[in-house]
Amino acid sequence: MRYAEVLCVNSWQVKRYIDQYSGSSIIGFSAEYLHHVEELYSKAQANWSEVLKPTCPSETAKGEEFKESASSALQLQIDAYSSFLESFAKLARSAWTEFDLWLMGTGLLLMILSVITQAYILVRLNAVCQPSDQECPSSRIIPKLSFAFTLVTIRAASLLSNSYILAEGRVTNFLLATSCIAGVWSSATNGNFTIEEFIFLLLNIFARFGIELGMSKQIAGPTATKDHPVSIICDIFGSSFCNVSMDIFPIISLAMVTCIVLKLIAYAVHQRFLKYFIICGTILSYAFIANYWASESTLLSHTKAVQEIGRSLAPRFVYAIGGLSLVISVLWRLFAPVDSLKFNKRITSLSAAMLCSWSPTILMLLGRQGAFVALICITGAWCIIMLQQKYQKDSKLDITGSCVANPVSVTQWSLLAVCLFYLTGHW
């Protein structure tokens, strides 16, 4: 009797879960099979009241007859509930744990072929770029290659664990910080420490804080209030300080990104009309972004008109300016007279124009953390490039020579790209 009652409660829990999952899930279960499972539950529930009657012996009923009838009824009820639970288990397995192995194998094969193709192309390019009288200094490249391979292997192995997948941003940031610490230690040992290595190491601290902040948005309830790093900082400095910082820091980051973008335009874009148009459009766009963020701030009191302009019109102006800048860049490329610049400089100029035209739109879509992410991306790229140039100088290699790519720098850029994904608030 107790076993039948437990099965009744368990079946009711499963039925409630089926109803909630079917109502909230986009995919859901098969309608035909779901109807079959519901019929089994309804049948089991209809018999439950009939089963309870024989379990109450009447004055005229004999003991043996009562035991036999009660035992038989309870066994039928147990079978009914077990059939319902087994049917739902089969339904769940068909929806969640049965995969198309053919398509999975095809995808794995395509991935392996892609890796082989890229490796072959890199080997060919390495052979083409290497002069016949120049050899790669294996004594310097082998330790770096081994260290980079170790980092990549650990990163690949971490994806085999569900716990590490959930903390992928933290794991990647840890590996990136490990490579930075190893680089600082190696440079300090050899006596050629540079400020870029320290900046890149410091950048990892800000990246880790940004990843934690992005993950805290996904954590609901009291789990994000006690031992979470963001909550610890707010407890130390006070919640008011955190609120003010959350409003001011994006504006400061946006101002720094604006200065970097304007310097890039002035340096890379050589066509005068295109340069001044993009500069004016960029300044206006970033001003609208700052206005949009300020209109959402609780620190300032705004009228309804200002809030309407900031929240509704500012994003549209940013998108319109970005689209107009892109169209003018394309038209300039098609119809403008051919200048005396070299081909690579023209490509650099147009690429910078298109990047600067779309950067405000990208920052608008990324939200308040967008400027911070862009600042880390630009600073990290600058540090990696400077460290790469240092590696070339230490190796006494020409820019066009072979083995100019430091494998650790390549690995760091790959890890930084993953960190940037989680910095944008993804989880």
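Just so it is clear, glycine is given a Cβ too, placed from its N, Cα and C backbone atoms.
TrEMBL annotations: computationally assigned, not manually curated.
On a predicted model such as this, the values are computed, not experimentally measured, just so you know.
The transmembrane segment feature in TrEMBL is assigned to 101-123 (among others).
A Cβ distance under 8 Å defines the sequence-distant neighbours of the transmembrane segment (248-269), meaning residues of its chain 6+ beyond its ends; these are 275, 278-279, 282-283, 286, 289-290, 293-294, 348-349, 351-353, 355-356, 359, 363, 368-369, 371-372, 374-375, 378. Per TrEMBL, transmembrane segment is recorded for 248-269 (among others).
As annotated by TrEMBL, transmembrane segment applies to 276-294 (among others). Beyond the transmembrane segment (276-294), the same-chain residues lying 6 or more positions past its ends with a Cβ under 8 Å from any Cβ of the stretch are 247, 250-251, 254, 257-258, 261-262, 265-266, 269, 300, 309-311, 314-315, 317-318, 321-322, 324-325, 328-329, 353, 356-357, 359-361, 363-364, 368.
Under 8 Å from some Cβ of the transmembrane segment (314-335) lie the Cβ atoms of residues 271, 273-274, 277-278, 281, 284-285, 288-289, 291-292, 295, 350, 353-354, 356-358, 360-361, 364, all in the same chain and six or more residues away from its ends. The annotation transmembrane segment is assigned in TrEMBL to 314-335 (among others).
Listed by sequence, the residues of this chain that lie at least six past the ends of the transmembrane segment (347-365) yet keep a Cβ under 8 A from its Cβ atoms are 254, 257, 261, 264-265, 268-271, 274, 278, 281-282, 285-286, 288-289, 292, 315, 318-319, 321-322, 325-326, 329, 333, 341, 371, 374. Sequence annotations record features per position, and here TrEMBL assigns transmembrane segment to 347-365 (among others).
The annotation transmembrane segment is assigned in TrEMBL to 371-387 (among others).
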Spatial neighbours of the transmembrane segment (371-387) not adjacent in sequence (6+ beyond its ends, CB under 8 Å) are 183, 194, 196-197, 199-200, 203, 206-207, 210, 249-250, 253-254, 256-257, 260, 359, 362-363, 406, 409, 412-413, 416, 420, 423-424
